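Per TrEMBL, the features are:
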- 88-127: domain 'Haemolysin-type calcium binding-related' (DOMAIN)
- 230-269: domain 'Haemolysin-type calcium binding-related' (DOMAIN)
- 372-416: domain 'Haemolysin-type calcium binding-related' (DOMAIN)
- 744-768: domain 'Haemolysin-type calcium binding-related' (DOMAIN)
Amino acid sequence: MVNMKDYQLVGTEKNDVLNGNIGNDTLDGGLGNDQLTGGKGNDKYIFNRGYGKDIIIDNDKTIGNIDTIVFGEGISASELQFYKSGNNLKILIRDTEDSITISNYYYQDSYKIEEICFSDGTIWDQKTISIQPIHINGTGVISGYETNDIITGSDFDDQLYGYGGDDILNGLKGNDYLNGGIGNDVYLFNIGSGKEVIDDYDETGSDIDTILFGEKINPIDLQFSRNENNLKIIIRGTEDSIEILNYYNNLNNKIEKIQFSDGTIWDQKTIDSQPIYIYGQGVVTGYESNDIITGSDLDDKIYGNGGKDILNGLRGNDYLNGGIGNDTYILGLDSGEKTIEDYDETEGNIDTIKFEQGINPEDISFKRTENNLEIKIKNSNEKITITNYFIDVSTENIKNKVEKIEFFSGVIWDDKTIAKEILRGNEIGKIIKGNAKADTLYGGEGDDVIYGGKGDDFIDGKGGNDSIFGEEGADKLYGGLGTDKLYGYDGNDYIDGGEGDDNIDGGDGQDTLIGCGGNDYLYGGKSNDIIYGNIGNDHIECGEGADKSYGGVGDDTLYGGSGNDSLYGEDGRNYIDGGEGEDILYGGRDIDILYGGKGNDIIDGKAGNDYISGGDGVDKITGDVGDDKVYGENGNDYLYGKTGNDSLYGGIGEDQLYGDEGNDIIYGEVGNDKLYGGLGDDLLYGGEGTDVIVGGEGNDIYVFAKGNGADTIINNTSSNIDVDKLLFSDVSLSETKFLKSNKDLKIKINGTSEVITISGYFNYGKYSL
């Protein structure tokens, strides 16, 4: 008969052998190094702290039986450390001499322990037990299993292989080779670990392999470099390094995470964004990563390719090409001549020149050479050439620019500041060109040539004899000091010549031109312009359009050109010519010469003894204050002498001439004219045509000559003492015949149709001569 009894077996303090039966036995070896065999059944193995080194032999093939190790108080799950020895599983209690060896655990499932229980109620089932990491220590070649292993090498040069499972590999000191194999593997690395090589080929696609750095290794201590397809991580200030084989050759060779003792974690993206340090001489080429590339003291060619690269040629005449990405060029004193080629069409990328200590903002100057930008360092022969900097300036996406300059002092120039500084002149003078945007451009103390290009630009020539071209857009141009030439071209421009004898051309558009100081030449060009000569003897030509022109202070010359212009002489002795169009001309405060030109003009001489000619058209001309000479010329004109002893000449046409105040000379000339003497002792001569002549107040003289036609004199005066006369210049008394017609006196010239009618003569008194 088979004994089915459940035994409870308790050992002694010695090395005991306890054998259960086919029942559900409980085996407690006690102190000593015991051998415990439960046999069949649901057996329990009791183990407490201090029990020694026990061996469990549990070959139970019965499906469903659960054999259990029960740990007593004082032994927690975290204190267990698993090892594999042949087919045996060895469980050590940390920091003690106690252990349990489960015989043939890996040989056959019938030898397994299905459950481990702890005094705090924690229970590990078979699955939990199977995933506990296996600690493997060794020297030389150390191989793990398909389990979760913790493999520790020695202070020598070891080779650690994790194989399957989530392994932890620690080579300790020495130059070790570490291969975690398949699984979520962790590589431990500390100060003094040496030069480790990690070969981590894992094609599962979801596993996360990690480098775990110990204390005193922080993110700032890492320096990445590349050796062909390998990634090398150097610990700064030490001889330690990690080289990850084929990191750049295959995604399956990646390390997906780096973790630091302070809790900082780098994921795959962060790892790949770390700059790669590259040192070389001659042709030095970066990768598609973020590279830090350092050349030599010779003449190097450095190519960053893709990524956010930092390029430092050191000394020598170097060629630097950052390629695509937000690149930085390091430049210092005595570093030689550098050529930067930075073609990057990616919108939003910012490329930077970073000056080292000793180079300050005031030490650099800019110069354009063809399409290249040159940056010169003060008190040195060094220069930086940015090739094709001015190519594609007509587009919004500028491809060859450097968008930022940083100085050691902390001063930073963004793209707008750089553009402003580039377009600022200096004492030598330079050629300055804007781009398609709204530029702010400054000249210097030299003779600058400045082009605004497209856009609404602000240009200030400052000192020197500058040539400034606004080109397209509504520009603001300032000549500053010196004899400048300013050209607005297209757009509604504002142009101020500043001090000096300037030449200003508004070009197309509704422009405002200001001569400011100096004897300036101002030309409005096309469209309706406003022109101010200001101080100086200025020459103003309005050009096409309905322009307004002001001479300002000085003896100015104003030409209206075509269009209905308004010209104001203001102070000084001015020459004003309206040209074509219906113009308005004002002489100003001194002796002026005014020509209306073609068109129906309004002309006022203002103060001064002016000479005024209406030209062609129906003109309205006022001499105003002063002894003026006024000529109507062609057309039915209106002439007003106003105050002063004026001379008025109607010219050809049916004119009306008003002497107003003063002793005036009024000559109607050709045409049926009306002459009004006004106040003063006037001389009135109708000339050819049927004229009406009104003497007004004063001692007036009416002049008549053969060929003058039929004139009517109205000698209406309120004074009884005025003595008015009719003077025949070439007619004798014998050639005349006097007739009374009602109240009028008619004097006929014999043998002609000519007659003079003195209206109201026989009313006597004020109408008599």
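Glycine is treated like the rest: Cβ placed from N, Cα and C.
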Averaged pLDDT score, the domain 'Haemolysin-type calcium binding-related' (744-768): 86
Helix, strand and coil counts within the domain 'Haemolysin-type calcium binding-related' (372-416) (DSSP): 2 helix, 15 strand, 28 coil
The domain 'Haemolysin-type calcium binding-related' (230-269): DSSP-derived helix, strand, coil residue counts: 5 helix, 15 strand, 20 coil
Helix, strand and coil totals (DSSP H, G, I; E, B; other) for the domain 'Haemolysin-type calcium binding-related' (88-127): 5 helix, 15 strand, 20 coil
